[in-house]
């Protein structure tokens, strides 16, 4: 069945001469590379044919001709003639017109201006999710379409840019190649990105075509959703809002919990709040207190916080609820927008309730001005009061007024129509619309028709036309084939002559389908998690198909990330949308019409409602553990097979939820196809487990692991639930130590979440697998899942590394002794010892590029450790001709992530700052700019103009003396402090300019002035740190005093002949020694650099990095430069590792560059001996670690902790105060960090810090490790007290809690620190265990 809706009739009045009848109709718009069709109809009864000259021409604004096409045509009597013009591909913007001239004695001349449409392509963007967490990967597709929704043949690539919330370019693809009109790629979001709304934009030929946003934020995907709606439509007279609250898991089952409801009235002030227990659905009434409305409707705000039972997971919903003064509204439904004087005018008052249902029984008085109409009446069962009014010939306006007995009032004016005829023609659909099927239309006219003309328009052109002769009938059955050319939308126009008037009607055809009839279906609507699902696709053979599936819960954030049927309709309408024009109806159809001089087109008005044409749419077993909990999946491209179909089998994730599956297809000939709406299916089990596990616990603590069981089988069953002791990592409290599993039984009624818990202790540090299985009905229904929680040490881990570097130019044999420095107070069982042989200096750096520093990196300078080492590694790999493409790819990818991270700290003036929006820093801008310039060799995302702007800003900060001083805050005193005449910072800035080829030329004067300043200061430089950077700057500049500076620097060095090491003793000795090594390399003193390298490699961390950012940056740079000169191609040696009475052998040749590891060294080993014999070079490393109780640290900060009384067992408020203890009066630390770790079971929310002191404000805050740690950053600390309060909440039950700690330290000198432990509630096992878990001592 299909429904008819009355269509409006368009009447064109044409004054016709006695012997003339000609109509020319054509599109009003032209586009490049598109067909243009003109239709000429001859209804001249005297001439058997007319001859015409058609001329299509165009010129630019300055008169240059861009189009000139002519055609001679003849049109026979009572016939149509369709004339096609093919527009050239290179058609450009200009002034276009078509001219029609009569020939061979036929007098006719008409012109029509045509509008050039430049938009010939459009774009769409699809993203796999609307919101992303830090560290996620963004998958996206760009789709380009032409006016026929096909891949544009002339566009081969696009320019794609991704920008962060500050509009910094994070990634760009300058020539993103299209396949079937699609470009697909991804972006790895870094773990510490700029949070907010990001943007993907697509450009073609320099113009933006389409863009889309997505959000990056910290979030937890809710397992359930809450809906809040009025139980009844609220009215002022009710003085209350009645709400229905529904809470359901995404897989459809009800949620049990507590709903906290808050009502806000005028000025958004809290009016009242209530709490109610809800199981799936609940209702609550919130009564007003004398609520008075100023208008017919007013919004109030309702906030509902729903807290799930057992887990405390919370969903917050806010709703605007409209309160109405009256229970109904009214609308005037008119036969036509205007009335005709002297003819009956039918209309009706339509009364509806605010939920859309008819409002019957509404009584009131109806009055109509100017016609003397007045009556009291009541709305019928359809909510209608029907009126038939009789306007006279002199009536100009009808004023329709309604007054109800309850005070409701309505008024509307209706104007008369300006017309000279009562004739009209009507087009009605008599059949469904189906592709390649006949459509039947009934054409009805008030006059007998000798002929009528029909036109079919689609995609901006006339695709069909016909001249019909109904033999003087008033009705005619028109049959047209629904061709593919009409899809997806078309218009049909009919016209005839009635007396001296041409009347016409038109209708819209919406096929609700596309030429590429793509279809997608799945074999099951409900499936168990982790099982296979079969997708069936059909469409055009060989067509591209893009698939995506995502968790329905993501739609709570946004749904604009995906592609929907409505998006395609908007793209199509964007090409072909026409502005309505009541004075030119042909223009409203995208056409123009021209006829003879004595025929006049008058404005047309509607006489009846329109018919909207309806579309043709028809009305004991092996248990697998669930470990895959993706939020989006099935991001896949496939092709339709030759048969026009394709099947695909995929494994669904292990999440129990509802999924949305979407798909589209593109064919070069038939264009785009997309499914009408996403396919929704549910992953659910008849019986399943939901976990609520903590992020981390400490070894030895007694922890309650909480699970919830769900049973959808309709009857109550006894469930056996087993927790496994995987790899002997777990101890079951109150059970024998040898138990490998623990099984409990619990009764599980249907459709109710039943909690069950296990009390355990973790035996080992690291990751602990939590594996649980539950079964009912003797194992016929089972579920099992496995997740990992982190087991943290009770003490603080102390990593150590001893190294020795050897470089043998000829065959040698040497023994290297290693004595392990393990603290006597180290915790028992915490020692780990490893030997590592590294034939390549940078191998470990490459392996650990994504995790070089364990310390926080939450400011603009520290963050560079995620960027700079990748540049150095790439420099090394390319310099040594490495064939390790996977290493190059890894470093390049991490380089992009580091760049993405760093753009958070770019300031509006082009410089860089230590914090977001904190102001500029000379030091950091120099550091970043030179690094990005170097990085641009390996990634094209870096904007050269951005680097140039930073260097320009830098150059503008030079003092007239040539010196540079820091403009921003000082957090690295030796570099920025301005002490010792600012030599260090001036040298640092000069190195940045000298290492940039463009800046070196552009700012040559700045460099020269700076070098003059340094050379004048050289004799007075007595600090090794200052001299090392100044010497390196002189080396880069090729300054005449570079040798003098290097000799002076060497004189300041310290040599250790026993270890064959050289270094410079100062507060920044790693950085100083690294700059010295860079100068050695530039002076080609490679052999002299070996002892310096020996010392540097002994300062490295396990990861291959150095303790801090600048150490790592300069240290790796220096080692890289020397390593490029020393090739491992001659390596050929044997290494003997001796410990206790054991010996282990390693043989190394030039083919081996990977690290050799040996882990099986007993923890009681105190001494190792390593012998190397052969030729070549390598690095010997002994890595060891032990845990040390937190009380064994010396303090250089004063740190005080105070637990505040909250009155709740579930809330922790900790007051933290710290200040620096100076050795000299008024001295201060460098950048200082305070890290607060929380006791097991406690986590913070998004804004945990309050009551902070403002004398020395907190600059940045990071929440780490799943909310179990908070890091605060200060520019520096002095003797002032720096205090704040951190608030955390207990989410999990833990007994025998280990103490937590707070640590404060100087980032650039970690020897300056303080650490304090604190404890919260001292619960014992008996207080948190359930009866069957409790050990024997609890039962006494």
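A Cβ is built for glycine as well, from the same backbone N, Cα and C atoms used for every other residue.
Now, the feature entries from Swiss-Prot:
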| type | residues | note |
| --- | --- | --- |
| SIGNAL | 1-21 | signal peptide |
| CARBOHYD | 68 | N-linked glycosylation site |
| CARBOHYD | 199 | N-linked glycosylation site |
| CARBOHYD | 242 | N-linked glycosylation site |
| CARBOHYD | 312 | N-linked glycosylation site |
| CARBOHYD | 481 | N-linked glycosylation site |
| CARBOHYD | 637 | N-linked glycosylation site |
| CARBOHYD | 728 | N-linked glycosylation site |
| CARBOHYD | 813 | N-linked glycosylation site |
| CARBOHYD | 828 | N-linked glycosylation site |
| DISULFID | 1217-1283 | disulfide bond |
| DISULFID | 1326-1338 | disulfide bond |
| DISULFID | 1329-1334 | disulfide bond |
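The Cβ neighbour count for residue 1283 (disulfide bond), using a 10 Å radius and every protein chain shown, is 16. In terms of C-alpha distance, the listed recorded positions 68, 1217, 1334 place 1217 closest to residue 813 (N-linked glycosylation site). Closest to residue 68 (N-linked glycosylation site) in space, going by CA atoms and restricting to the recorded positions 199, 481, 828, 1326, 1334, is 481. Between the CA atoms of residue 481 (N-linked glycosylation site) and residue 637 (N-linked glycosylation site) there is a gap of 35 Å, rounded to the nearest whole number. Nearest in space to residue 1326 (disulfide bond), taking C-alpha to C-alpha distance over the recorded positions 199, 828, 1217, 1283, is 828. Measuring Cα to Cα from residue 1329 (disulfide bond), the recorded positions that fall within 10 Å are 1338, out of 199, 728, 828, 1338. Sequence-distant contacts of residue 1217 (disulfide bond), defined by Cβ-Cβ distance under 8 angstroms and a gap of at least six in the same chain, are 1199, 1200, 1202, 1281, 1282, 1283. Using a 10 Å Cβ-Cβ cutoff, residue 828 (N-linked glycosylation site) registers 8 neighbours. Sequence-distant neighbours of residue 728 (N-linked glycosylation site) (same chain, 6+ residues apart, CB-CB distance under 8 A): 740, 763. Long-range Cβ neighbours of residue 637 (N-linked glycosylation site) (same chain, at least 6 residues apart, Cβ-Cβ under 8 Å): 182, 184, 544, 545, 546, 547. Residue 828 (N-linked glycosylation site) and residue 242 (N-linked glycosylation site) are 64 Å apart (CA-CA, integer value). Here the candidates are the recorded positions 828, 1334, 1338. The one whose C-alpha lies nearest to that of residue 199 (N-linked glycosylation site) is 828. The secondary structure of residue 242 (N-linked glycosylation site), as reduced to three states from DSSP, is extended strand. Put plainly, the disulfide-bonded residues 1326, 1329 were compared by Cβ crowding within 10 Å, and the winner is 1329. The DSSP secondary structure for residue 1338 (disulfide bond) is helix. Taking the Cα atom of each, residue 1338 (disulfide bond) and residue 828 (N-linked glycosylation site) are about 29 angstrom apart.
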